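Listed features, source Swiss-Prot:
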type	residues	note
MOD_RES	A2	N-acetylalanine
DOMAIN	142-231	domain 'CS'
DOMAIN	249-338	domain 'SGS'
MOD_RES	T257	phosphothreonine
CROSSLNK	K268	SUMO2 cross-link
Amino acid sequence: MAAAAAGPVAAASRLFRSFSDALIEQDPQAALEELTKALEQKPDDAPYYCQRAYCHILLGNYSDAVADAKKSLELNPNSSTALLRKGICEYHEKNYAAALETFTEGQKLNSADADLTAWIKRCQEAQNGSQPEVSASQRTHQSKIKYDWYQTESQVIITLMIKNVQKNDVNVEFSEKELSALVKLPSGDDYSLKLRLLHPIIPEQSTFKVLSTKIEIKMKKPEAVRWEKLEGQGDVPNPKPFIADVKNLYPSSSHYTRNWDKLVGEIKEEEKNEKLEGDAALNKLFQQIYSDGSDEVKRAMNKSFMESGGTVLSTNWSDVGKRKVEINPPDDMEWKKY
């Protein structure tokens, strides 16, 4: 049943309508498509362009991301977030001088943004061709942090068991035969992982996701073959076709067999019991409703929010699918078109 978005629901609906980072990270491709539709209706919306740039970054489409970030800055020159995203793309395209200039401009607008400071440092190090020294504590972290991996017919999935990491503190780069990950740990130390992969992957279809309990890296296989190990020089003459393991017991970096189903269950239980407050709790609730819903539920939610300007939330497709959803703001608010 359609209902006016009031109180917590109104807050949640605003989070959805603004395409928050957390929602985009759930499914960057779906968010990209929705933002493209939204921009058809509101072609001068700077935040929409900025968030679509984030979608492109997560999908590895850096040239498209730069274009959207620039458009966002044309509409709102004072957006430090748009400058951050433009700079990240320039950095990944190895245009370090331009990236440094962009990050510096963003820092002038928001000197308290730690992400801009960190990226400025990375650019300076890249320009100088220097690598930061590895401290003793950093080497200790490197030895303690473990990763596991498993595979499906279409993907190889690596999970870094690192908790409470901010998404902007994680940088993952894919190439056809290599994976490189750099993580700024909560302690302030860096963790790096570099792998020479056994078989090729499709970099542009490989992604990563930062969760509160782990970092999940998904590498797209070009063909459905079984990886006998994660690293190597491609010295397997005749790769075997992929056949799923019955018990889901997969190889890991620590060279012993792990019951992945049990591990995933433990992580999901920990995520489920995580205590969130305020907007974070509302955001998680809204993500859960959307991710667990059927295709009809998702269509109903998208249609009702877009047509009502974010004032109505409905999961009933049989109702909203056959009519235009009218604007219906909460009793204590007045709708204004800008």
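Using the three backbone atoms N, Cα and C, a Cβ is placed for every residue, glycine included.
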Original post:
In the domain 'CS' (142-231), how many residues does DSSP call helix, how many strand, and how many coil?
Top reply: 6 helix, 48 strand, 36 coil
Original post:
On the 0 to 100 scale, where does the mean pLDDT of the domain 'SGS' (249-338) fall?
Top reply: 69
